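Annotated transmembrane segment per TrEMBL: 31-52, 81-101, 243-265, 271-292, 368-390, 410-431, 504-524, 653-671, 691-709, 750-767, 788-808, 896-916 (among others), in sequence order. Taken from TrEMBL, the feature domain 'NADH-Ubiquinone oxidoreductase (complex I) chain 5 N-terminal' applies to 65-111. Look at TrEMBL and you will find 127-409 tagged as domain 'NADH:quinone oxidoreductase/Mrp antiporter transmembrane'. Marked as domain 'MrpA C-terminal/MbhD' by TrEMBL: 611-676. Summarising the annotation, TrEMBL assigns domain 'MrpA C-terminal/MbhE' to 686-767. What TrEMBL records for 789-912 is domain 'Na+/H+ antiporter MnhB subunit-related protein'.
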Amino acid sequence: MTLLLIVTLPLLGALLTWATARAGDLRFSAIVAALAPVVVLALVLSLLPAILAGEVIAAEWRWIDAIGLTIAFRMDGLAMLFALLIVGMGLLVMLYARYYFAGKHGGCRFYVLTLVFMASMLGIVTSGNLLFMLVFWEMTSLVSFLLIGFHSEQRPARRGARLTLVITGGGGLALMAGVILIGQAVGSYHLSDVLAAGDTLREHRQYPLILSLVLLGAMTKSAQFPFHLWLPHAMTAPTPVSVYLHSATMVKAGIFLLARLHPVLAETPLWLYSVSSVGMATLLTGAFVAMFKHDTKGLLAYSTVSHLGLITLLLGMGTRMGLIVGLFHLLNHALFKAPLFMMAGIVEQSTGTRDMRRINGMWHFMPYLGVLTGVAAASMAGLPLLNGFLSKKMFFAETMVSPFTGVLAWLTPSLAAVAGLLSVAYSARIFHNVFFNGAPRDLPIWPPKLPGVGILIPVTLLSAACIVVGIVPQYVVHTLLKLAAEAALGGELPQYNLGLLHRFNLPFLMSALALTGGLAMYVARRQLFAIYDRLPEVDAKENFEWLMLQAGTFAERLVHRLENGSVQRYIALVLLSALITMGTALAGMTEWRGAEVLTPLDPMTVFGTVLLMACALGVAVGHRNRFLALLLTGAAGLFVTLTFARFSAPDLALTQLSVEVMAVIIMMLALSFLPQTTPPESSVPRRVRDLSLAGLSGLGMAIVAYAVMTRPAQSISGFFLARSVPEGGGSNVVNVILVDFRGFDTLGEITVLGIAAVAVFALTRNLQLKDRVPQERGQYWASEPHPMILRMIARPILPVTLMVSAYIFLRGHNMPGGGFIAGLVTAVALSLQYMAGSLAWAHSCMLTPFRPLVGGGILLAALTGLGSLAAGAPFLTSWFGHYRLPGLGDVELATALLFDLGVFITVVGATLLILANMGKLMTLQGPGKEIG
């Protein structure tokens, strides 16, 4: 339960934050928002003793067994490291945002979205089922879209958010495909099963495809080259968003995935060369571009890209030590990058700009912030006595002993040294340019002033952490890092030392050369800027916008060709696709007829089939006359009803008959708005095409039906017949299937029916018909709109029909009937009242409007299923029992009755909502008051 609370408490906190803000207390909403991560942090720390003891804490609940999806959580050392990072950084960001949004609109919205994002990230790192993890993975994409597009009134924010969603969302689809393939290869989506099947996956024939899809998902989320473009353009978000998403959480989700699946997918040449090459390209690209950015957040964004590439390169080497160093640098990067982002936000608020060509000399106005920034920037550069120095030196050491051979064996450390040199240069620039480098130039806000002293608290804590981890790492992070590495790798870890004192060796020399070379590069920055400015400018965002425009144009043309409003074309495409599929299948058959003996034909069946064919042919021949076509369609439905009855399917017969009556009534109303005849026929070639398609489709279906029905088939009817009474409590197998075995299908069907009814209501709500003179179309109003005989017959029929409907409903679990049929019978009886009396009179007789009936019916059916879920059984499992009631004797009561009642209410409400809102358009006075 603790694991469940860790993920759900931020969601509850988001809800409470929104509620308190709605009540008007914005200050209290900020306190509520901060309480959620505090409680979650306490819960995570409460699990630390068990993790230290080597336990793996797990919790699991069944969800959708058919596809292997369970609500599963798992807390081990790796999840603990990321959970502490997510929650701890979230708490500091909440404190920072309290001052950042002071006096501004949107603070509450930020708190709510950030808490939802925190829950999503916690769900990713604690998921014990890969399919379940995908749910949270997509949540991060959606919530990050809202956070990055926080200032939706600004075009750059909208474009940056869209770019992020397209790239990370596309990667999420690739990851979904990869996870599905992993589940198929392993036979389970449970994380423990997957982690134990490393050899199976690596030897699987689809391993290259699986690895490619998983890497696409991870690298798009963690901004790896060439998918890094979204991260710099996400800097349009408020600074607290950048701090949380782009230093500690979202960009680390892909890294977490690589670390989590490292035992399963790593240790192959394909992993080594693909992951490490992408990491190296990202490391160098980000470091190079960062040096020449004039925007503070832009520089920090590209430096983040570079450091993410560094971590990916370490994981790509496939060595156990590489993963340990990667996790160490992941933690260090969060500690020094978050305060730098916070500094950028503080300076922007104080000066009104992020342009480092104008922001100079801030030391005079904010000396304490300058000290904190100097510590964080020095850590990012890799200066001794700071945490960044330790992980960077270990990184250089790993490149010296990488598994590469030949040219790559010396090229890897050489390129790593170049990246280290660039990191020193841009670290020096972010510090020196902002706080020194002359006087400020044309600042929009003068004089610069801190938003509040409290905003420096999280910056102070994070900068202090850089010093503490840099001096005594073995006492601060060694245990946590060891737990994470053991969980990710398993087995015995290699020997490593996080201590401050190291021998003078080649990695130490590489660090020193990077430091001196980077400082020299910064000193010569003006000459380098002049060279850089002469390079051709590439705007990734503009290229993306052009690509999206071209994709939209292509899609528009394709839609215009395929979906031009012609139902004839739609049907032709469907039939053509079916013909190609059937033709491909039938081409490989050597014998169409199976071994089953054909059933002799009886005259009644032949006669009914001939009449059905005659009706269908009549519709095709006389389709220009809409009224005649509708009557023949109704007659065809009647013959289908008789066919069901002939072959002992009374439930289907009753349903078909009721549906046919209501469908004809509703379509008759629709015909009143249309000309009596259809437009002239299409050209002769098109008619020949349609005739050929229809004939070939009919012939193909006949062949397929003949081939299938003359072959033995394994029927599932025996399964339902054997279990209907003992497990479903009903002898009417059809009804038990609808409300129990396949209840989820029924719930979906009534939901679709409700949506269709509400759509009709919405479309006709304010519809004004211009043509109120039907005589011009050859139609005439009846001389007596509401015939007396029909009214006199309809009213006494209503109570009788309702009693029959109730009888059909109550007996449905054991005899032909049920909620769907009873609902249609009731709808037919009530529609008769609409036809017999005026619309206003019939509507006034109803005790409730129709829309609440639709929603209430669906809600009742869904709550019935949730009740079984709460009791620990699968969704929509029914309970039943026999009870002796006075005067009634033995009576069976089942929870399926409540579900069936929901079906009944939905069918009645939806049918009458459609009928009433179409019927109101036919009144002589025109559209009346809103109905439904």
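Heads up, the Cβ atoms here are built off N, Cα and C, so glycines get one too.
TrEMBL: automatically predicted annotations, no manual curation.
Long-range contacts of the transmembrane segment (788-808) within the same chain: residues 654, 816-818, 821-823, 825-826, 828-830, 832-833, 835-837, each at least 6 residues beyond the stretch ends and with a Cβ under 8 Å from a Cβ of the stretch. Secondary structure of the domain 'Na+/H+ antiporter MnhB subunit-related protein' (789-912), assigned with DSSP and counted as helix (H, G, I), strand (E, B) and coil, comes to 86 helix, 12 strand, 26 coil. Summarised by DSSP class, the composition of the domain 'MrpA C-terminal/MbhE' (686-767) is 67 helix, 0 strand, 15 coil. Long-range Cβ contacts of the transmembrane segment (81-101) within its own chain (Cβ-Cβ under 8 Å, at least 6 residues beyond either end) map to 6, 30, 33-34, 37-38, 40-41, 44-45, 75, 107, 110-111, 114-115, 118, 121-122, 125-126, 238-240, 243-244, 247-249, 252, 256, 327, 331, 334, 338, 342, 345, 349, 451-452, 454-455, 457-459, 461-462, 480-481, 483-484. Nonlocal intrachain contacts for the transmembrane segment (243-265), taken as residues 6+ away from its ends with a CB within less than 8 angstroms of a stretch CB, comprise 78, 82, 85-86, 89-90, 93, 96, 114, 117-118, 121, 124-125, 137, 140, 144, 147-148, 175, 182, 191, 194-195, 197-198, 201-202, 207, 210-211, 214, 217-224, 231, 234, 237, 271, 275, 301, 304, 308, 311-312, 315, 323, 326-327, 330, 333-334, 337-338, 341-342, 345, 484, 488-490.
The residues of the domain 'MrpA C-terminal/MbhD' (611-676), classed with DSSP into helix (H, G, I), strand (E, B) and coil, number 54 helix, 1 strand, 11 coil.
Residues 2, 5-6, 9-10, 12-14, 16-17, 20, 75-77, 80, 83-84, 87-88, 90-91, 94-95, 98, 111-112, 114-115, 118, 122, 479, 483 of the same chain, all 6+ positions outside the transmembrane segment (31-52), place their C-beta atoms under 8 angstroms from a C-beta of that stretch. Sequence-distant neighbours of the transmembrane segment (691-709) (same chain, 6+ residues past either end, Cβ-Cβ under 8 Å): 572, 575-576, 578-579, 582-583, 585-586, 589, 592-594, 596, 620. Same-chain neighbours of the transmembrane segment (504-524): 291, 381-383, 389, 392-394, 396-397, 400, 413, 416-417, 420-425, 427-429, 432, counting only residues six or more beyond its ends whose CB sits under 8 Å from a CB of the stretch. Each residue in the domain 'NADH-Ubiquinone oxidoreductase (complex I) chain 5 N-terminal' (65-111) gets a DSSP state, and the totals come to 32 helix, 7 strand, 8 coil.
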